[in-house]
Amino acid sequence: MMIRIFILFNIYYISLTLSSRLKYRESVTENVELYHTITSLDKMISVNYQQSIEFLNINSPYTTYFLVDGQKLRTSRLIDREEFCRIKLCENSQCHPCEIYMDFVLKENGQPRDIISLILTIEDVNEYRPQFSDNSRNDQTIHLNISEGVPVGHILPIPSATDKDGEDDELVYWIDKNKKIPFELVSFGSNQIGINPYRHIYILYTSLCFYFGVALNVTGPLDRELEDFYELQLTASDRENLTTTISVHISISDINDNVPIFDQVNPYIINISENTQPSLTKSLLRIHAFDNDSNDNSRITYNFSSQVSELIRQTFQLNSQTGELFLLQALDYEQYKEYRMPIKAQDSGPVSVPVYTLVIINIEDENDNKPVTNIRTSEYFQFNNNTLYISEETPINTLLMHVIVQDLDSNLNGKVQCWIESSDYLKLNITNALNNMFSIYTSQLFDREQQSTYSFHLIIEDFGLKIRHRVKHDLRLVINDINDNPPIFIQSYYNLTIEEEQDYEQALIRFEANDKDLNESSQITYELMSNEYKYLFYLNEDTGELFLREKLDREIKSHYDLIVRAHDHGKYPSQLHTDVICYIKILDKNEYKPEFEKEMYLFHGISETISINTSIGFVKAIDRDKNLIIYSISSSNFKIDSLTGEIFVNKQLDYDANDSCENLFVTAKNQDGLNSSCPVEICLQPINEYPPELHIESRLIYVNIDNTSFIHMHAFDRDRSPLSFLSFRLEKSSKCNLTCSSNGTIYMDKNEHCIGIIDLFVSIDDNDRYPSSKTTNETIRLVFYSNIISLQQILFSSNYKFTIEIIIITIILILIICIFCLIVYVVYRHRRQISLSKSTQLNNIKDQIGFTENHGLLNDGPVDVTNIKLKPNTNSDTSSSFNDSCYGSSETDVYHHLSGNKLAGKILISSNDKYIILCKDQNNINHDETNSSSSSSSPNGNNNSNLITRYQSNNRTGIVQAYHTQIKSPNQNLEFFQNNNELKKVTGSTATTTTTTTTFNYRNNTPLNEYYL
């Protein structure tokens, strides 16, 4: 188990680290011996003897050149760098440097742990010299022919050299000239050439498919009559100075003066798709040249250069007459990405001179390869026929498989995406671990009992720009069963009833359980776990049937609780079982009546104050047949629980009103009517609730001292406790030397001659201690008389004294009432004096206060009242004092006279100034005093019923003078007044302009509202 968990953990760990795989570099020289060790695992990481590596992709072309020997990478055949370049195994077809990329799986104990990427560089050994090739001749001389009529600048191509050790574009060319010649070494086509300043060295970069990379440029006119040929030495050198020299023989022909000229100086470059269909009717390109000559000398034929390879000739066809280029065979971008072909154009004249141009055909990649899928799973999972088998205990994030996809297309056409589609609610997680390699993990827990198989589609699609290829794999996921479900009984418990002393030949009951697991995990065996009952019962382990071995006796045991176990035969991870209880009840034959445990039940000491429905005890009867017993009681004061035999109080109990003990019967009856009775005695405990009480005849006792020597007091207690008794005692010593015994007898002393009324204070105790004793204090009156002094005389003397006492008490009450009234009067007078004093102070203040708004009303001269606006004081109240209603304005501005100067818009007060107040009253006011003002009712009957003009002298100076106010207005209808009559009431004149001198006493008038000028 631990090994399995460890392996699953390793797989999970590798899946987490796939995106950050290890990368290393190594190099190897070409042509090393077989089985040469290139690198080993210990050079890359710290390893142990249990780790190893293997190729990630066993279909990789590198597996034919290299082999993995445990922890070492060795060569399996001779490595030729030039062969790698020829078959294009170099990364991205870049052969310099020659690098290949290999991926390995790091395993530990046979399980994948990590991914290692190795970049291997094939180092070149410079073993070949540059070689010139000329198929026209077998000697070591390059023969060239050129017409004498060629212009200066004419290009004469020379076959370039090739180097098997490296790239041809790294070759260095130069020519040795013994004499001056009209030629110089130049590059041909798109190639470049560099010149060393110290000698003629030209660096040329050539193509793999085009061998005319170097040429001779004509620098001067040619004349065959002067020089019919030129001889020069051409040397080619590689990067490590291995050189090859060849003779170049240039023949000058004296033929046509004009050579064909191509339409364009630059090479012909076209791009075609690899899906282009071969056709002999639709050309790819038309090459055209013209010749200024006439007739045959201007008729041009087109042909491939002699250096064009056979592969190009088999792939393309050139029409010699029209120059049209046709495709003969299908193209494949994955094999060849570019074609370079020199084209020769030559006229038909005598001694014709060919001209050359270069045609470059770039092959465009098309998405013509479908993704190829390789599915690899862990050795712990079985994968057959597109079906993956896993255990239902597989945890979340478990690596199920690697999906390795190969697409021979390039760029986006060769990049793929992968996803999963499922209609069975399968949750899998897919990650892109490497380029075109995906890892699939579980994202859920599995339960075979809920779902045993899942179908899903693994879909792989490339990112083609024009067309996308999609590959769909129909896969199944089968969940293998483990023993994770215990057997389950169809019932949570079993009830069984059988009769005693009965033989049972058939099975009493059959237990049945089910297991959701498969195979052995679902096979169930039954077992009786109650070992103490195996001698009475037998359980068939295969069928689950329960049998009775012997007869049962209910009087020995009335029921049996059997434990039955069902266990399966599963082994992994463990065997499971479930227990169930079977309750077996033994039926009895009703032979016995219920029997009480006691012959009589006694319940003593029950408090008489106990509450209703309070329990006082139990009675219990036993039925040996184990039948149900029903209880009943023969009293209305009590009730009994019919099932438990518990007795409760049914009515309020009273020891004093009822008997102290009640005898009753309780009956126990079983279901068949058999019964028995038992006597029950319930006795109450008395509670001392009431104090002793004196009889009314003992409160007033008439005693004739001549005929009686003792007196007996009578008292009673409403409690009937047998433990209580009354005892008497005198609280205070009495006159006449009276003594009292505890039984309530008062004894008189014969030597004392008691006549009159005596009050005795007597204490009566009931002496009951449950819960405590109670005492009553009473006063009894004894009236003593004799044969000489009669009872009537004693009573009359007593009534006279009572009358005197009543009179004295009455006199005392009258005195108390008089004193209280006097105090109230004094307080009232004091408060009145205080109120009058405050009123006087307010009147003095009023004599010294004036009111105005921003108007110069009170002046010595005439005043125009048409511009005076009267307004009510909204802060006044009809119930306010005179001071509040007439003098409470915050708008009053009072100024003293300042050196005869008066401020505009303000009232100026001098020692002779008067104050005018206009008030609105509800009643007509007549002033009888010496200085008064006249007022009358308004004719309109409106709110301004009484308008009173009051003049107040300036008491600050103590001088009383009449104040002259002159009102002048062309309009008698002022804002405040309602009509002319109201104006006259104020001015005292019917004239428009009048002078009025009035004084009056206003202290008896209370204004209801005020208006300020």
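The backbone N, Cα and C atoms fix where each Cβ goes, and this holds for glycine too.
Given the structure is predicted, the values throughout are model-derived calculations rather than measurements.
Per TrEMBL, the features are as follows:
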SIGNAL    1-19  signal peptide
DOMAIN    138-262  domain 'Cadherin'
DOMAIN    264-373  domain 'Cadherin'
DOMAIN    390-489  domain 'Cadherin'
DOMAIN    490-596  domain 'Cadherin'
DOMAIN    606-694  domain 'Cadherin'
TRANSMEM  806-828  transmembrane segment
REGION    928-948  region 'Disordered'
COMPBIAS  931-946  compositional bias 'Low complexity'
The predicted model's mean pLDDT over the domain 'Cadherin' (490-596) is 90
For the domain 'Cadherin' (490-596), the DSSP residue counts stand at 7 helix, 45 strand, 55 coil
In DSSP terms, the domain 'Cadherin' (606-694) comprises 0 helix, 43 strand, 46 coil
For the domain 'Cadherin' (390-489), the DSSP residue counts stand at 4 helix, 53 strand, 43 coil
